[in-house]
Amino acid sequence: MGICHAEPRVLFEYTGHLPECPTWSEAESALYWADILEGEIHRYHLPTGEHTVLSFHEEVGCFALREGGGFIVAMRTGIWLADKHGLLQRKVCDNPSNPQLARFNDGGTDHFGRFYAGTFWAPGDYNGALLMRIDNDLDAGGYPV
């Protein structure tokens, strides 16, 4: 595999508070990412240059795109399903930690479509973070890993 000699270029002007979880949608030719502390999911549509922002009522630690559209979103108080417009549809599970001290932070999916999300223990006074797994059977809720 050779070295890429392409020159990087700025797609558009954007400064975030804590942008993470970059996710590419091949079907949409769009780049998604979360701005955790702003409680937002961003979408940049490469062909048109359109930048849209979905705002949530609390921090968005991570998310994944769902096959039928919309998102699974790990937020401070729990993991939710949201439609493509960012409207929360259903809570899948609560944050098993104290949401006053811990929020979901990073995550993603495996090749079976299971969603994993880890928590961030803000006080840092002990190892209180957890890793959760959400299986495809969403009715089962989340499982500590």
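Cβ atoms here come from the backbone N, Cα and C positions, even for glycine.
Since this is a predicted model, take the numbers as computed values, not measurements.
For the domain 'SMP-30/Gluconolactonase/LRE-like region' (18-137), the mean pLDDT of the prediction comes to 94. Residues annotated as domain 'SMP-30/Gluconolactonase/LRE-like region' in TrEMBL: 18-137.
According to TrEMBL, the feature divalent metal cation binding site maps to Glu20. Close to Glu20 (divalent metal cation binding site) in the fold, though at least 6 residues off in sequence, lie Trp33, Ala34, Asp35, Ile36, Cys62, Asp106, each with a CB less than 8 Å from its CB.
Annotated substrate binding site per TrEMBL: Arg103, Asn105, in sequence order. DSSP classifies Asn105 (substrate binding site) as strand under the three-state reduction. Counting only residues at least six positions away in the same chain, the Cβ atoms of Ile36, Gly61, Cys62, Ala74, Ala117, Gly118, Thr119, Phe120, Ala129 sit under 8 Å from the Cβ of Asn105 (substrate binding site).
In the structure as shown, the Cβ atom of Arg103 (substrate binding site) sits within 10 Å of 22 other Cβ atoms.
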